[in-house]
Amino acid sequence: MAPKQWPQLRGSSVSARRITHPAAPVELPTSPLARGGPASPFSSPAGPQAAAGAAGGTPAGQDALPSGPAVARKAAASEPKHAGRYTRAAVAGLVNAVIALPLQLSFAAIIFRDPFFHPMLGSLVKLVFLSSAIHQIAFVGLSSLPFAVGQVQDVGLIFISSIASSVVAQCSEAGWTAENTLATVLMAVTAATGIVGALKLAGIVQYVPLPVVGGYLCFVGYFCLAAGVSLASGVQVATLSSWAQLANADALLKLAPALAMVACIILVMHKIRSPFALPALLLAAPCVFYGVLHASGLTLQDAQEAGWVSKPQEGDGEWQFWQAWSLYNIHDFPPTNIYWRAMPGQASKLLALYFIVAFGSSMDIAAIQADSPRDLDYNSELVTVGLSNLATAAAGVGFTGSYIFSQTLFSMRMGVDTPLMGAIVTAAELAVFAVPFNVMAFLPNFYFGGLTAWIGQDILKDWLFIAAKRISAVEYALLLATFGLVMAAGLEAGIAAGIVLAALHFAYSYSRVTMTAFTVVPSRSGAGKLRTFDQRTVLDMFAARITAVSLSGYLFFGSSVKVLNNVVEIAASTLEMQPHVEPSTAQASAPVLVGKQPRAQLSGLPSEGTLAKTYDNVDKLVGSKSASGGSQLAKVAAALAESPRRVQGLDTTAARSFVTLHNKLQHMGIQASPTCFWFPTMDAGCHYCEERFLSVAVAHGLLAPPARCLSLAQVLHAHLELPRCILGEAAVDYRAAAAMLARFTRKLVLRAGDVLFSVGSPADDLFLLESGSVVCRVDFALSSVASRAQLMALPAGTQPHHAEHTIKCAPGSLVGEIDFLLQRPRSLVAVVEADGGAWVISRQAFESMAVQDPGSLVLLQSIILRTTSLTAAHALEALERSSHSQ
């Protein structure tokens, strides 16, 4: 994917659902947003003066101490501004409360889904409301965001529910009473929430495999969907086979309103842009239900008897909120009524809960940061989440919670900048906690079932369908596998198996070795060395004799056999395509490069007629009348170069496989070089091979021996010559052209060790080597003034790896032409390696040439164009090799 970047997927439905469309901010009559004031989160100061005013400074051009009337006007204007602040906060608080209250009821039904809790569900719901209120108080007091909304969240509910059900089962087996079992459950979930809050969440999400979390969230979606169907229909739906129980008229009749409510919520969320639409729907649904009851002549008791509304439980009317902690049934210390032996068995669930809450909280904070105009302290906000969970645990009502980022962003768009909004949400939840009756006994079951089913389908939609388009196919397969394993084997075993699968996939991907075979474009590796036309033609003839193979991955015992077989196949293919040569007579020497593409089609020699027009003694090599033609060509060794630059590691077994490779090549009739040549780069290896080819051509009279010193006419001839079959030898008078160009040059004597120029020096001269050699060293990360300044400002641990490239320039080569033409400071260092001389063209002489002798300028520009074209072609080839090696 820099830190791990998650795909644009939502961790949960409630936490991620946007309540208001970004393009439709709420505008109240007194809202600065409506007036375009500076308090709007969507407006920014128009300029420096506005910024100064927003920061509390005095705008330019105004008196530092305003007059009395100005103060009066400012005070009068501030009253409606403050009134607008509180109005916006109050409206946002009411909207958030209307949405949060029914959701907390649904969450309570999920947490305490086990039939054991049904007789006491009314009291347990109260604890969830108190927990959410404490979460909200913590976020109001600790978060840097005045518009933050923090509640019990759905991401960790499945594990909380699993812990509760597991403790009930163990207590039942141990024969504990219902009161002590409930006390043990509350202690277990509270302790789990406290531990999650005490541990640091920052950075832990970096170690969570996305497919594993995605598979778990798919199960969360399925669990919520099944819980919603169960709440609405009265039929317990858990496993896939249990869905068949819905095939009866009564269950389908009760399920229909819940499905209708899900459809209405989806329609409202996607079609209506007003932030008040969803709260209005949540308020209207119970009203419609009671309207239908009244029109049918039925009472609430009739609906309860028919199963449309939960029946009131014994003791619901006796609820007193100050006695809420009596549910722990603690009479001594340390408590003896708690079944402590049930706690160690929850360790695996607690560990998974920790990771899941960390993941959900990190995604929520990242989503808030993405839409918030202010910078957030990521770690500080995660600490707020941890302290919030600690606070609920300390209060004895520990249910994991975090930011509800959709409601937080809604409050931000409302322009909330006061804690009043959070206070209203807290007050509403505390009121539900304190009222002496069971709220669930007055609301229809399809209401809770529809909300819960909507949450489930939304999570399933995101992670089961949308995720398929936003993550790789392998990751999506791991996600589905984790989902299936959780469904089949349970939470802990399924998640553990998913982590194992993700680890195996990583190991496979890391150890996979790819090979890419390709031919090398001739004369490119000698980009820093002048090649004459004759030399380039010879290299074209022998281009098919260099095969490069680039290796990437981790070479170990499992991949060495495949690598060995592929290299042997490439070597055999290279020999089969050699013209006029029997495979048994060829030799293989020196380096190569591998990758992933299938073997390339290698070109053969040019036709004899074409060569005869260019070379007077071509018959020595390919002449049909020459008895030694084939044998002379056979003396040119074929080169196989292997580049391990992208190999991350090599074990002993893989290293020994190269001995096996040597033996196999010998069995194929290939005489391998007795020496293993090693070069720092592939270019250096290819350059060595080219020099070997040219030496063979010189030995057989195809080329003249290379000159150690060139005249200016010879340099022009090498740079500008064309095949004699096109223009003929008299097409260009190189001596006359050299004499004209020499008027604008000066001679410079080069001594070994001299520095022609260094990085940052002015590029006022262009050098053309006559003799000797110059070594240029360049670091492309520092090749410009801007990049050097930028990298120097980066922290030491974040600076990129610097790789210095070395280019050796021989007689006839241009040195420093790029910076000279771009008129920028030098981006490389040039040091004389061997004594010699050079022609120097200053910038002043270059400009004079344009006026006095345009023909010579065109000649010089043609030389520069050829040099830069070869350099660009070499760079593109290197980039292509690099892309194949990734």
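Even glycines carry a Cβ here, placed using N, Cα and C.
Annotation comment: TrEMBL describes 1-76 as region 'Disordered'.
Residues or ranges marked as compositional bias 'Low complexity' in TrEMBL: 34-53.
Per TrEMBL, transmembrane segment is recorded for 89-112 (among others). Within the chain carrying the transmembrane segment (89-112), a Cβ under 8 angstroms from the stretch's Cβ atoms is held by residues 14, 19, 26, 28, 121, 124-125, 128-129, 132, 147, 149, 151-152, 154, 157-158, 160-161, 164, 189, 223-224, 227-228, 231, 275-276, 278-279, 282-283, 399, 404, 407, 410-411, 414, 416-418, 420-425, 428-429, 432, 439-440, 443, 447-448, 451-452, 455, all 6 or more beyond its ends.
The transmembrane segment annotation in TrEMBL covers 124-149 (among others). Residues 92, 96, 100-101, 104-105, 107-108, 111-112, 117, 186, 319, 321, 324, 327, 368, 372, 376-377, 380-381, 383-384, 387-389, 391-392, 395, 397-399, 401, 403-404, 407-408, 411-412, 414, 416-419, 421-423, 425-426, 429-430, 432-433, 438-440 of the same chain, all 6+ positions outside the transmembrane segment (124-149), place their C-beta atoms under 8 angstroms from a C-beta of that stretch.
Annotation comment: TrEMBL describes 155-172 (among others) as transmembrane segment.
The transmembrane segment annotation in TrEMBL covers 184-208 (among others).
Taken from TrEMBL, the feature transmembrane segment covers 214-239 (among others). Long-range neighbours of the transmembrane segment (214-239) within the same chain, counting only residues 6 or more positions beyond its ends whose Cβ lies under 8 Å from a Cβ of the stretch, are 9, 11-13, 106, 109-110, 113, 154-155, 157-158, 245-246, 250-252, 254-255, 257-258, 262, 307, 352, 356, 445-446, 448-464, 467, 471, 475, 478-487, 491, 494-495, 498.
According to TrEMBL, the transmembrane segment annotation covers 251-270 (among others).
The transmembrane segment annotation in TrEMBL covers 276-293 (among others).
Among the features that TrEMBL reports, transmembrane segment is placed at 350-370 (among others).
Under the heading transmembrane segment, TrEMBL lists 382-406 (among others). Among residues of the same chain six or more beyond the transmembrane segment (382-406), those with a C-beta under 8 A of the stretch's C-beta atoms are 14-19, 100, 107, 111, 127-128, 130-132, 134-135, 137-139, 142-143, 148-153, 155-157, 160, 186, 189-194, 196-202, 324-325, 328, 353, 357, 360-362, 364-365, 367-368.
Sequence annotations record features per position, and here TrEMBL assigns transmembrane segment to 418-440 (among others).
If you look up TrEMBL, you'll see 478-508 (among others) marked as transmembrane segment.
Sequence annotations record features per position, and here TrEMBL assigns domain 'Cyclic nucleotide-binding' to 750-849. For the domain 'Cyclic nucleotide-binding' (750-849), the mean pLDDT of the prediction comes to 81.
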Against the transmembrane segment (478-508), which of these stretches has the most C-beta pairs under 8 Å: 155-172, 251-270, 276-293? 155-172
Per the Cβ filter (under 8 Å) with a sequence gap of at least 6 from its ends, the transmembrane segment (276-293) is approached by 19, 94-95, 98-99, 102, 257, 261, 264-265, 268-269, 299-300, 302-303, 443-444, 446-447, 450
Using Cβ atoms and a strict cutoff of less than 8 Å, what residues sit near the transmembrane segment (155-172) while being 6 or more residues removed from its termini? 11-12, 15, 107, 110-114, 116-117, 180-181, 184-185, 188-189, 192-193, 196, 216-217, 219-220, 223, 339, 341-342, 345-346, 349-350, 352-353, 356-357, 359-360, 399-400, 402, 491
